[in-house]
Every structure is written in structure tokens, then in C-alpha cells.
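Q: Heads up, here are the entries from TrEMBL:
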- Cys3, Cys6, Cys15, Cys25: [4Fe-4S] cluster binding site (BINDING)
- His212, Glu236, Cys280, Cys374, Cys402, Cys427, Glu461, Lys463: hybrid [4Fe-2O-2S] cluster binding site (BINDING)
- Cys374: cysteine persulfide (MOD_RES)
Amino acid sequence: MFCFQCEQTARGLGCTGCTGCAGVCGKTHDVANDQDDLIGALIGLSNAVKTPDSETDKLMLEALFTTVTNVNFNEETIKEMTSKIDSEAARYNISSLSHYDMKKLWNADEDIRSLKSLILFGIKGMAAYAYHAMVLGYTDTTVNEFFYKALRTIGEKGTMDELLPVVMETGKVNLACMELLDKANTESYGTPVPTTVPLTVEKGPFIVVSGHDLKDLKLLLEQTKDKGINVYTHGEMLPAHAYPLLKEYPQLKGNYGTAWQNQQKEFANIPAPVLFTTNCLMPVKPSYEDRVFTTEVVSYPELVHIGDDKDFAPVIQKALELGGYNEDTEFTGINGGKEVTTGFGHGTVLSVADKVVDAVKAGDIKHFFLVGGCDGARPGRNYYTEFVEKAPTDSIILTLACGKYRFNDLDLGTIDGLPRIMDMGQCNDAYSAIKVAVALADAFDCGVNELPLTMVLSWYEQKAVCILLTLLSLGIKNIYLGPTLPAFLSSNVLNYLVENFNISPTSTPEEDLKKILG
Ligand code: FS2
Ligand code: SF4
């Protein structure tokens, strides 16, 4: 196996090994190779089919999403998907589909490998967003067509000069994709409103829902109506509390646990089932394996999978069987806070834009930080907690994705009635941050790079890659990126990013704050 698509890759170089080995995430050698075959089949399909239809689009999104870190650990379902791609080719009268050999990519010249990896990992992340929009009935032809173009590009010979524009195009198309998902979510469930979310679990049966898929949560809320079962979000599902049409379910009570990398500890003893709608699933420990359920593209050997009929009866049954806690049970965030807030998407923030602009003009707000992205297991990620704690009291912290669990339970007070920490939502809600930044730049008649705004990002998996590419495609400079730089950036590609975008690796909160504010 060879895999270096995520931040926790072995030795900061790549997860490798032979039969019996596994990557740091727990993905086995066989699963890694099966995922490569799946991508190889997709590249073959992109070359062979000139005008794919919506069925093919759906399969392509599923296949890419399947290979995102912490989504699928199951050889059987990955192989099934590869066979589906071969059958799909047969539907277009292609009798034998040639698969691209991914070893050609992993063994390519390091700069070519680096640029193609940016494209491949970027479209994997983007596929997750396109998939969530698609299940809500929203698709975009330009976005879908780009996936095939990108896949073909990975399979072709290409120079750095030819590949760089496709890397930037990946970011540009991902902006359209995040916009599509924002539209899908807000038209389906309403515009998020600021919401306080308790971390206490009430007594009685409950279900924990993790991942990013709001539609699955909505279906589960429908099926748990009047059943005496409460529902708690976990990880990236937290922002669901802010959507008016989800909020109206009285059994949607609060949030359980923190970011994904703590799940093996946090799920070990809970008297409730957990449903994973997307990443990030970690290898499931025997102590709680009978309580974890998967759906959509998430797959793990031996776990009960809720299929397309979306009958959550096994999850509901398990919740009733386990019964929950006997008493209301108090949990806290990692800094001891008993509640968190969310719901500060572009709809909310822009509705108070004049207040924000006035506070800046009056000198009450001197700086905005976007501190967001993925959380992860590596040491060093407390950088983000310390950064937020040490940020000056006249600064506002915008945040998004699961990295916020490092500090979202801190009470940093308010400035002119505006909370100092504003959670904009899931990782895809980076779209909100971009909309707010562009609106502020308009209000102050300057470019986004001239605003008193700094992005301090944490990355882990491939959705962070497509978001970073979107920011670069918009010409956003001076981004701080940590906790480590991607292993798939060759030194020439990194130099290009530093020279053209002034990307800096994070150092220490004190030093970075000094540099930013100095
Ligand atoms: Fe966090 Fe994991 Fe959102 Fe990422 S829950 S690292 O998938 O996509 O962010
Ligand atoms: Fe290693 Fe990350 Fe790949 Fe898992 S996804 S095998 S941890 S690089």
C-alpha cells in the first residue's frame, strides 16, 4: 500500500507496508489497494465515457467519497463499487474497461505526483460536498463535469505548467460546489440561526448521530418522533442544531462528545447507539462495536449498515434496549464548558453586517481570525486552543468544522453585543466565511487580503484540501496552515505556494500572533 492523503500519514511521509499492515487511520493494506483500484477504475471510466448521465455522476461521487479518509474500511463494499463501475461502462457498450494503474501516480516525478495529488485529494473532498447536495436533490452540471476532467488529468501525462491551472480550477469549482450545498441545506432546512447547544445528556434512551449528512439526521428525527428517544449530535453534526426545520424536533436535545479523534474513548461506555452518516469513523473497538451503525458510503466490516430504504429501526431498537442514562448526565467540552454555540452562517453574520462594520470603524473590533478546519489526533493541535485564548480581546474568532472543539466551549465574551466566537458550521460552511470576507471587503472598499482578517487553518483530510484550494483560487494570501504541512507537497510545489500565496506553517501561537498583529 501507499497512501499519504491525510495529515496523520506515517512519519509525515506516507503509510506503506505489505499484507497485514495498516495505515495510521486503521485502513488495511488490502483496503488501501482496493481504494486505489476503485480510483483507477474511475479514471478508466472518465476516459471511456464521453457523455456520462446522472446515474454515472452518482456512482462517480459515491466512489470518490468512499475513498476519503475514515469513510470506508471494508474490502467487500469497495470491491462491489469497483464492479459497479465496470458494469456502468458496460451500459455504454464498453465491454472491458481499462483501469488506470495508480502506481504510475505514486511513482511519478515528485512535482507531478504532488500536483496530481492536490487534484485527486481535492476532488475526493469535493465529491463529499457534491454528494450531500445530490441527496437533497441539488446537482450542478459544471461541477459534475469537472470531476471527470480532473480524473482524466490524473491519468494523462502532464507538465507542471499544465497541471497548475487544473489545481486552481479544482479550488474554483469547489467554491461552486460549496455554494450548491449551502443552497441545498438552507433551502431544505432554513437559514441557520444562532443557537446554544447543551452538552448534558438527559436521562432515558438516546441516539448519537455523527458525520455531515443533514438529510440522514432529518430522517432519523422523523422516525424517532414520539418514541421517547432523544437525539444528540456528534462531531460535524453539531451545526444541525441551528437549522430551523431541524431545531423544531423537540427530541433533538444537544451535542455529545468532542471531535472525531476522541470517539474510541467517548463511545466506550455510552448506553446508546451511534450512527455514522459520513467520516470520521475510527476503527471500532469491541467494547462498543454492537452499538455502531453506518449508512450511506460509510462502511466497516461486520457493522449493521442502514441501506437506501433508510429504515433506522435497528438503531431505534438498540436505543430502547440500552435505555440511556438513569439520570441527566453532565458532560463538558475540552475546556470544561457546559454548552457550545453554533449557527453563525453568512445569513446571520451578514444580517448584522452594519453592526460589524460600525464596531470596526469605532475601533472596538481590530482583527478577525478564521480559526477552523479539521481536528486530529496528533500532538500539537492544542496550538489552536492557545491561539484562540491568546488572541486579543478586541478580536473576533470565526470558526468552522471539527477543529472548533478545541475551543468552542470557551466563554470569550462579546464585543458590542457580538459574540467573540462565532461557529459558522461544518467544513463546507467555509463558503459562509468566504461570503462574509467578500462582504467585509466590499464594505471597506478593499480586497480580502487588505482586511484585518487572518485565516489560521488546521487540516486533516481531503475536504480541507479542496477548501484550501478554493481559498487559493480566490487569491487569498497569508494563510497559516498546520499542524504540519501535507506530505504530498513537493518542495517545488510548496515553494510555489509560499512565493505566490505566502502560506506559512503554524509555529507557536505567540509567534504567529506577533507576526500577524505586528
Ligand atoms: Fe472533521 Fe472529519 Fe468536516 Fe473532516 S469530522 S476531519 O471529516 O470533514 O472536518
Ligand atoms: Fe495513512 Fe491517512 Fe492514508 Fe490512512 S488515510 S492510510 S492514515 S495517509
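Cβ coordinates come from backbone N, Cα and C, glycine included.
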Q: Suppose we screen the binding-site residues Cys3, Cys6, Cys25, Cys402, Lys463 by Cβ distance to ligand 2 with a cut-off under 6 Å; which survive, in sequence order?
A: Cys3, Cys6, Cys25
Q: By CA-CA distance, flag whichever of Cys3, Cys6, Cys25 among the binding-site residues is nearest to Cys374 (hybrid [4Fe-2O-2S] cluster binding site).
A: Cys6
Q: Minimum Cβ neighbour count within 10 Å among the binding-site residues Glu236, Glu461: which residue?
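A: Glu461, out of the binding-site residues Glu236, Glu461, has the fewest neighbouring Cβ atoms within 10 Å.
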Q: Return only the integer: C-alpha distance in Å from Cys402 (hybrid [4Fe-2O-2S] cluster binding site) to Cys25 ([4Fe-4S] cluster binding site).
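A: So the alpha carbons of Cys402 (hybrid [4Fe-2O-2S] cluster binding site) and Cys25 ([4Fe-4S] cluster binding site) sit roughly 17 Å from each other.
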Q: Given Cys25 ([4Fe-4S] cluster binding site) and Glu461 (hybrid [4Fe-2O-2S] cluster binding site), what distance in Å do their CA atoms have, once rounded to a whole number?
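A: Per the Cα atoms, Cys25 ([4Fe-4S] cluster binding site) and Glu461 (hybrid [4Fe-2O-2S] cluster binding site) stand 11 Å apart.
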Q: Taking the Cβ of His212 (hybrid [4Fe-2O-2S] cluster binding site) as centre, how many other Cβ atoms lie within 10 Å?
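A: Step by step: centre on the Cβ of His212 (hybrid [4Fe-2O-2S] cluster binding site), count other Cβ atoms within 10 Å, giving 28.
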Q: When the Cα-Cα distance from Lys463 (hybrid [4Fe-2O-2S] cluster binding site) is computed for each of the binding-site residues Cys3, Cys6, Cys15, which gives the smallest value?
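A: It is Cys6, whose Cα lies nearest.
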Q: When you rank Cys3, Cys6, Cys15 by Cα distance to His212 (hybrid [4Fe-2O-2S] cluster binding site), which of the binding-site residues ends up on top as the closest?
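A: Result: the closest of the binding-site residues to His212 (hybrid [4Fe-2O-2S] cluster binding site) is Cys6.
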Q: Quick one: Cα separation, Cys427 (hybrid [4Fe-2O-2S] cluster binding site) versus Cys6 ([4Fe-4S] cluster binding site), in Å?
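A: That comes out at 16 Å between the alpha carbons.
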Q: I'd like to confirm something. Which of the binding-site residues, Glu236, Cys280, Glu461, has a Cα closest to the Cα of Cys6 ([4Fe-4S] cluster binding site)?
A: Glu461
Q: Around the hybrid [4Fe-2O-2S] cluster site formed by His212, Glu236, Cys280, Cys374, Cys402, Cys427, Glu461, Lys463, which additional residues qualify by having Cβ within 8 Å of the site's Cβ center?
A: Gly235, Trp260, Thr278, Asn279, Ala401, Gln426, Tyr460, Ala464
